[in-house]
Amino acid sequence: MQSVSNYNFSGKKALVRVDFNVPLNDRFEITDDTRIKATIPTIEKILKDGGSVILMSHLGRPKDGPTEKYSLKHLVTPLSIVFGVQVKFATDCIGDDAVELAEALKPGEILLLENLRFYKEEEKGDVDFAKKLARLGDVWVNDAFGTAHRAHASTAVVGQFFNEKVSGYVMQAELDNAKKILENAERPFTAIMGGSKISDKILIIEQLLDKVDNLIIGGGMTYTFTLAEGGKIGKSICEPDKVELAKSLLEKAKAKGVKLYMPVDNVCADDFNNNANRQTVTTGEIPDGWEGLDIGPKSVELFQKVVAESKTILWNGPMGVFEFPNFAIGTNAIADAVVKATEENGAFSLIGGGDSASAVNNAGYGDRVSYVSTGGGALLEYMEGKVLPGVAALE
Ligand code: AMP
């Protein structure tokens, strides 16, 4: 795979797929620019080489074509500030103005295309649409790991129209770090899986059972396991139709010699809100009308000990409803333990996308773990052993 670091972009127009799917508030201001900042090294490298950059991305999930709310024009000013050049904007990603602006682009300049998903052809992976995008650049750079699991026009299909295909720094870092975990993990290797549902994580958990020494399970998915073991879970989130699956996972872990750790106590609430009444109970003893929203202090102690003894840590999914500060204590305590293991014991820690990444960033720990992945679903699919179309297109 050709990497951005050893490709010379001098005189080239680089068509760069980025993931600028950033959250915007009611005034169309960016509330978290992590994804934009992540692309700075790739874009600066191209400009420094004497190339020009044509940025393409999606934003949100527009249903019926152009929508003000999902327009990438809201990013023109913030991007101009970040990159120190006035970013040009094409109001139609494959229109005449895009072609004209791309043709006139000089070395050192940046052109941003309007939201790719204003055309339904993008998500359909339409070949003609991809061909029209390809007209705009001389070389295709894919730096959008977060959408690499989708065979969309700009993330994969467009690759067939280029002789020169280059992976950006974000893509490279994501793949390198995921490979490090999957292929070269120093032991003991501990995976911490949380989040709401077992059904979302089952494939990755099964894959990990072949690789890890310890598997910690927390968050909402625990209650399906508790149910499988005949415990009382009150009105906690659970998937009764996945009870058999939970049982078979427990058996598989045992057969493979993986040490499985589940919460031994739970903080439960009488309502799903931050100010609900709280009580801590032993696992399997949640009273009727109450729901488990966090792991309890004994579980924190147990999990912290396992994390402290680990040399490789993969974490995906919060330990509870961390969006409510009163139920974020378990998640924050685990974040704390992962940071300690990284800083004090030299463990390699990868935080896997989505909610666990925001939990770690919210706690101010983003720079104190080894790597925070920006690719939620893509990282999970990669770890499940699937071929990512956006990566395959680069090869
Ligand atoms: P996921 O996207 O599967 O990683 O799940 C993340 C979501 O799971 C977060 O929004 C959490 O609020 C939610 N979650 C974690 N623990 C619980 C729980 N005990 N009950 C309900 N939701 C939970």
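The backbone N, Cα and C atoms fix where each Cβ goes, and this holds for glycine too.
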Further binder of substrate named by TrEMBL next to Asp19, Phe20, Asn21, Arg35, His58, Leu59, Gly60, Arg61, Arg150, taken from the candidates Arg117, Arg135, Arg187: Arg117
Binding-site residues near ligand 1 among Lys201, Gly292, Asp355, Ser356 (Cβ under 6 Å): Gly292, Asp355
Pairwise Cα distance for Ser356 (ATP binding site)/Arg117 (substrate binding site) [Å, integer]: 27
Greatest inter-residue Cα distance in Å for the (2R)-3-phosphoglycerate-binding set Arg35, Arg117, Arg150: 18
For substrate: widest Cα to Cα gap among Asp19, Phe20, Asn21, Arg35, His58, Leu59, Gly60, Arg61, Arg117, Arg150 in Å: 18
